[in-house]
Amino acid sequence: MMRRDRLFLAATLTAIFSADLYFILLPKLRGMGRGSRRLCSCGPDNFTLPGQGGLATPQLSNWTSASPLVGTTPAPMDGGSKLERLFAHPLYNIQTPALGPEERLLQAEQLMEYYRKKVSRWERHMKLYSEAAAVSNITVTEHEVTFDPDASWVKFHLGISRYALYSRDDPAIPRLLKDMESMTVVSADYTQDEKALKGACDCTQVVKPSGHHLKLALKMRNFAKAMFKPMRQQRDEETPEDFFYFVDFQRHNAEIAAFHLDRILDFRRVPPVAGRLVNVTGEVLQVTHNEDLRAVFFTSPANNTCFFAKCLYVCKTEYAVCGSPDLLEGSLSAYLPGLSIAPRISIPNPWIRSYTFTGREEWEVNPFYCDTIKQLYPYNSGNRLLNIIDMSIFDFLTGNMDRHHYEIFTKFGDEGFLLHLDNARGFGKHSQDEMSILAPLSQCCMIKRSTLLRLQLLARHEFRLSDVMRESLEGDPLRPILTEPHLLALDRRLQKVLRVVQRCVRRLGEDEVITKDFAKSTGRPQTATEAKKTR
């Protein structure tokens, strides 16, 4: 009797275990296997792209509707330009909707009238200043200013739309980068935030006002305007370990590299930036009309021309930057249209840091912080939160911990893109990956499908991020812009971003994590030759 009971119990337990195995464990294992194959970032051999969902499939003869992106990229030929092949890829030839007046930031007639008035005002100002300088025996180098409606910087301003600062094939951008390398400087002045300080700085503040940083607004002969940030740190120097992120140096090469990375990621939210050697005597001191700026110039014991910031607590020669003897390398960032014609607003980043020595923000201690943010305007609908996550991925790749605010154009409202401005505190430490920068992604577990597709593409051997960045930066006159350890750090960080997405998908499922985009594809992708012509 007892033996029959034992056999019956054993048979019952075996049946229960078999049912659990078939109906519960096996489906989970299959799901994990599919997710691993879909999003594995372990290496190029295991790489596949998920279906495009909201993105229309580009019409290529060797693509199938069953798997629109798996194995779509033909094996590249040996040698040649990886960057050209990247920009010729279908993912970089996806069109935004047709642009009407409401999708463009500015109209041509409006912009021409605005700048003609500014030129007239400038000429009147220069006439008065020249007369006053003659009376005071002040020597000022005078240059004639001309406004050209076909100038590259004007075309850049006219190309700004609801979706990006410039289109992928905008010929004005390579022209503008080239022009900024050699445009004649006719005026140098402090930037507006420095002027607002008027030299008065509160030395008790932990975080100093932005105006104490050494940066200048340069006006060119064709009436273009660019922000100049001088070199403060050598390429091979890392941020000291004891430095807080809010007192780190602002690096000119970080501004240059950030523009190229932003373009490679296809965000196009960083204004064009080019490196340049500036003659601080002939192109700053001798053309400035600001006596406060003139007053901070001096000649060092090594007979180099130097200047320092006007903020009182750094008004010391040891904080100065110096030419060699007059030439000083720096970054030139193209100005956006003026606030009077293209208003922008600055909004605190929901994942702002504490900017104190000991304090911590809620997101740093609450892993469910994003659940709260998702209930708040403007993050409870539209693309704003997804754009924040794009920005966090961009900042993580550069190592920039200083994203306390972001800006948007008011014309485009809640659906406008975020401007990725002020990137000079990136690329400070190649040996450290600050995972907290990715908090928006890891806490919200959301990402645009188009962003994920391009990140996965850049993880492939034939489009490796470090390789295309290296090639892109070779076009800047101050090359090399980044040292090799910084370039290799991009590949390492990219893998970490993909692993965060992979964990989210395993936990929540692809439909919850990967969000469809609105974009439509072009009729055909660009060829490498066409891509080269437009870039």
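The backbone N, Cα and C atoms fix where each Cβ goes, and this holds for glycine too.
Features as listed in TrEMBL:
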BINDING   Lys229, Ser333, Ala334, Tyr335, Leu336, Glu407, Asp422  ATP binding site
DOMAIN    297-514  domain 'FAM20 C-terminal'
ACT_SITE  Asp402  active site
BINDING   Asp422  Mn(2+) binding site
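Locations of recorded TrEMBL features on the structure.
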| residue | record | Cβ within 10 Å |
| --- | --- | --- |
| Lys229 | ATP binding site | 25 |
| Ser333 | ATP binding site | 27 |
| Ala334 | ATP binding site | 24 |
| Tyr335 | ATP binding site | 18 |
| Leu336 | ATP binding site | 19 |
| Asp402 | active site | 19 |
| Glu407 | ATP binding site | 17 |
| Asp422 | ATP binding site | 24 |
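Measuring Cα to Cα from the residue listed as 'active site', the binding-site residues that fall within 10 Å are Asp422, out of Lys229, Ser333, Leu336, Asp422.
Residues listed for ATP, Lys229, Ser333, Ala334, Tyr335, Leu336, Glu407, Asp422, cover a largest CA to CA span of 20 Å.
Within the model, the domain 'FAM20 C-terminal' (297-514) shows a mean pLDDT value of 92, rounded to a whole number.
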